[in-house]
Amino acid sequence: MQVILAKHAGFCFGVKRATQLAFQAANIGSETYTLGPIIHSPQVVQRLEEMGVIPVDNVSEVETGGTIIIRSHGVAAEELEAAVRANLEVVDATCPFVKKAQEHVATLSKEGYDIVVVGDAVHPEVQGIVSYAAGRVYVVSSHKDVERLPRMSKIGVVAQTTQSFEHLHEVVAACLARGGEARVYNTICDATAVRQEEAKKLAGAVDCMVVIGGFNSANTMRLAQICLELLPRTHHVETASQIDEQWFKGVKKVGVTAGASTPKWIIDEVIDRISAIDKDKIS
């Protein structure tokens, strides 16, 4: 059984940067916290906790003088301001792509644009982006949501960084159909687009797909969805322990990809587990 790993599986630039900052802070040994999970990988969060980096929900949980790390998804503007007011040492690990989306929203809002954010309203990244709008702001998950919005003469559009370009294009087309001026910033991360395209090609060339990543990871769930649409024998797992050998009955080629928050050690463990199943079948 051949196992094919996607070229760009695993950590993207923003996640790699955030985790490096968190592990560096852990090695210093001072009291360190993250505002929410540093990335959407329970295994990475657990490893950091074991090293003394604790996730908290609010700035108020951190004592004055402590260090707080802003997660890769970013936080709401008011949360960042609260950390500064509390005299905490702030390590900003916000993904640069997310930061750019926040900046675009702030600028567009100041220039009188109503903001449309394409994404998941309950995702922490989107909640953070929305907080930078000074005026009206709407979150839409599809082009159909645009039809329910009020008429706007000036629309500024940005996207959650893990959205697909096709999805953004559909929403923009719906905004333009309603008339008025529209200014659009493509804030989708390049790594997201590359991973999704690779997943499509790989799913079309194998008998079974395994997608690795947190069940709370938006980009991993999107990868799994893309693969599932092309290949019914697609399985989403967080760890190697969730692999079922029954998945590989009659399979000659297995494709493996992983979300942007999935560490290499978990990818390696999953591949080792699949390879071990293959050896057992042979023996």
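Cβ from N, Cα, C; glycine included.
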Candidate from S261, S275 that Swiss-Prot assigns to the same (2E)-4-hydroxy-3-methylbut-2-enyl diphosphate site as H40, H73, H123, T161, S217, N219: S261
One of C175, C189 listed by Swiss-Prot as binding [4Fe-4S] cluster at the site of C12, C95: C189
Collapsed DSSP category at H73 ((2E)-4-hydroxy-3-methylbut-2-enyl diphosphate binding site): coil
Distant-in-sequence Cβ neighbours of T161 ((2E)-4-hydroxy-3-methylbut-2-enyl diphosphate binding site), under 8 Å, six or more positions away: C95, F97, V98, A101, E125, T187, I188, C189, T192
C12 ([4Fe-4S] cluster binding site) as reference: those binding-site residues from H73, H123, S261 with C-alpha within 10 Å of it: S261
